[in-house]
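Asker: My structure is below; once you've seen it, I'll send some questions.
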Amino acid sequence: MHSSHPTTMAKIKDDKQLDVLNVLDLAKTQLYHFTAVVIAGMGFFTDAYDLFYISLVTKLLGRIYYHVDGSSKPGILPPNVAAAVNGVALCGTLAGQLFFGCLGDKMGRKRVYGITLMLMVVCSISSGLSFGSSPKAVLATLCFFRFWLGFGVGGDYPLSATIMAEYSNKKTRGAFIASVFAMQGFGILGGGTVALTVSSIFRAIFHAPSYKENPIASTVPQADYVWRIVLMFGALPAALTYYWRMKMPETPRYTALVAKNEKKACQDMSKVLNVEIQVYDNVKDLKSEDQQQIQVFDEIAITQGNSFGLFSREFVRRHGLHLLGTTSTWFLVDIAHYSQNLFQKDIFSAVGWLPPANSMSALDEFYKIARAQTLIALCGTVPGYWFTVLLIDYIGRFAIQLIGFFFMTVFMFALAIPYHHWTQK
C-alpha cells in the first residue's frame, strides 16, 4: 500500500481485524487533523485559564475580605488561606489525573472527556458564586469548588493530549501534540485578557481613590463582582469545547485496540479522515504490490498484539525508562512553571514592576497585575510554545527539551543571583 494509492487498504485476518494503526499513521495530513488540534487544544486552553487566573484575584480577595481598619497597607490573604486558594486546585488536579486517566481506558476518551468538561463548567460557575456571610465562608466555598474544578482539569490534561496523539499520523504527530499543549499559553493569555477587560470596564464606571487617600473607598463594593466574573468566564470555553468534542467520534485507536470494535473504528475513520478503507477476506484479491505491503503490516500487527499490563515486568523492561524520564522531567518543569505563574505577582511588587499597594485602588492593582501577567504571556510563554511546534519535527523532542531546560535554568539564576540589584528602583 503506497501513499500515492487512492485507496487505503488493509487485510483482515480470520477474525476480520483491521490494522487501524497503520491506516492512521499513513493518513495524509488534512483539515480534520487541524480541527482535532483546536478541539483538543481548547481543553488545554480551559485548563490553563482555570488554573492560573486565581493568581490574578488573590490580592483583590485580600482587599475585599481581609481589610483591617487603621492599617497602613491594604488587606491581604493570610498565608495559610493564600496557600489554600492557590494550591487546592492543584491537589484536585493530581487526584483527577489518576482517576480520569484510568477511567479513560475503561470507558473511552470521548465519554470521560465529556464528564471532565461538564465538571469544569459547573465548578467554574460555582466558584464565581461562592457564597457566605463571612470571609471564611466565602473562601472555604471557593476552595471547595476550586478543588473539584482542579479534579476536572486533571482529567482533561491527559485526555486532551491522548486524543490528539491517537488521531495524529506519524509525520506530524510531534507538531500536533505540541500545538495542543501550546493552547495552554493562549489560556494564560486569555485569563489576563479577560481580567484586563473586566477590570477596565469597572474602573471606568466606578472611580475609586488610592488606599492611601481613603482606605475604605479604595475598594468599591462592586469589586466583588470582578473576581467572580473572571472565574465564571472559565465555563465558556469548557462549554464550547464540550459541544464540539461530542460531535467527534471516539478515537479509532481506542475503538480498535481497547474496545475491540475494528469495524466501528473503520467507519469513524472513513467519516473524519477522508480515506476509503476496504476490507478483503482473501489476500489473493489484492494486487501483488499491496500483498507485499500487507505482509509487512501483518508482521507489525503480530508484534503489537503482544499485550502486557502497566505494572508488568514486560512493560518495565520495554518502557520503564521512557516513563521515568518523561514523568520526572514533567514533574521538574511543573515545579518551575506553576510556581512562576501562581506567585509571579509577588515578584512584580518586589522588583518594582507594580507601584506600592497603598498607592493604588483595589481595581487599579488588579488591572496592573493582569497587565504584567498578560505581557509576560504574550512576549514569552506563547512564542516559546510555538517555537516548539514549528521545530519539534525538525530538531527532535530531546533537543527541544534540553534547550527549554537550559534557558529556564539560565534565566532563573539571572533573576535570583543579583538579588540586591532587583530590589533597587
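The backbone N, Cα and C atoms fix where each Cβ goes, and this holds for glycine too.
As annotated in TrEMBL:
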TRANSMEM  31-56  transmembrane segment
DOMAIN    36-425  domain 'Major facilitator superfamily (MFS) profile'
TRANSMEM  76-100  transmembrane segment
TRANSMEM  112-131  transmembrane segment
TRANSMEM  137-155  transmembrane segment
TRANSMEM  176-205  transmembrane segment
TRANSMEM  225-244  transmembrane segment
TRANSMEM  375-392  transmembrane segment
TRANSMEM  398-419  transmembrane segment
Asker: At a Cβ cut-off of 8 Å, and with pairs 6 or more apart in sequence only, do we get at least 3 pairs between the transmembrane segment (137-155) and the transmembrane segment (31-56), yes or no?
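Answerer: Judged by the Cβ rule, the two regions touch, with the required three close pairs present.
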Asker: Please give the sequence-distant neighbours of the transmembrane segment (398-419): residues at least 6 beyond its ends with Cβ less than 8 Å from one of its Cβ atoms.
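Answerer: The answer is 329, 333, 336, 347, 384, 388, 391-392.
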Asker: Under a Cβ pair cut-off of under 8 Å, which of the recorded stretches 31-56, 112-131, 176-205, 225-244 contacts the transmembrane segment (375-392) most often?
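Answerer: Against the transmembrane segment (375-392), the leading stretch is 176-205.
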Asker: Determine which recorded stretch among 112-131, 176-205, 225-244 has the most C-beta pairs below 8 angstroms with the transmembrane segment (31-56).
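Answerer: Most Cβ pairs under 8 Å with the transmembrane segment (31-56) come from 176-205.
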Asker: Are the transmembrane segment (176-205) and the transmembrane segment (112-131) close enough to be called in contact, which here means at least 3 C-beta pairs under 8 A that are separated by 6 or more residues?
Answerer: no
Asker: Which whole number is the mean pLDDT over the domain 'Major facilitator superfamily (MFS) profile' (36-425)?
Answerer: 84
